[in-house]
Amino acid sequence: GVGDHGCEYMTGGVVAVLGDTGRNFAAGMSGGVAYVYDPDDRLADRVNRGMVSVSRSLEESDERMLRRLVENHRAYTDSDRATELLDDWTAAIGDFVRVFPDAYADVIAEGEGADVRDEPPEPAAAVPGSASEATEQASSDD
């Protein structure tokens, strides 16, 4: 998770928060996109809606980006939370909220800027000695 003022003054990029957020999330956020795992609907009371819109409705590009971020997080960290989410992704995706700056949405709609969600990062290579590497090795031995 993140503490108070997460994504404050964010101007670009993509963030996936798999834990709790503190207060004043997204204050001054003018670019990029944040995905917050929010199964208990607590983000609504913690987000600063001054410049952003919050939605549980994810587009296909959101789902692709978010899944890749969670997969990479698991590969790099062996995160139990990431593993749990990926093990039941169909259910988990419904517990994510997209936080999207209004000004950035306007720029994309007017065709004046690229949508960061259109280019997910490359898949992470398994980290030597990690559980992800062991899983990758076991599946390649089949």
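Using the three backbone atoms N, Cα and C, a Cβ is placed for every residue, glycine included.
Copied over from TrEMBL, here are the features:
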COMPBIAS  132-142  compositional bias 'Polar residues'
DOMAIN    1-60  domain 'Glutamate synthase alpha subunit C-terminal'
REGION    111-142  region 'Disordered'
For the domain 'Glutamate synthase alpha subunit C-terminal' (1-60), residues assigned helix / strand / coil by DSSP: 4 helix, 20 strand, 36 coil
Arithmetic mean of per-residue pLDDT over the domain 'Glutamate synthase alpha subunit C-terminal' (1-60): 94
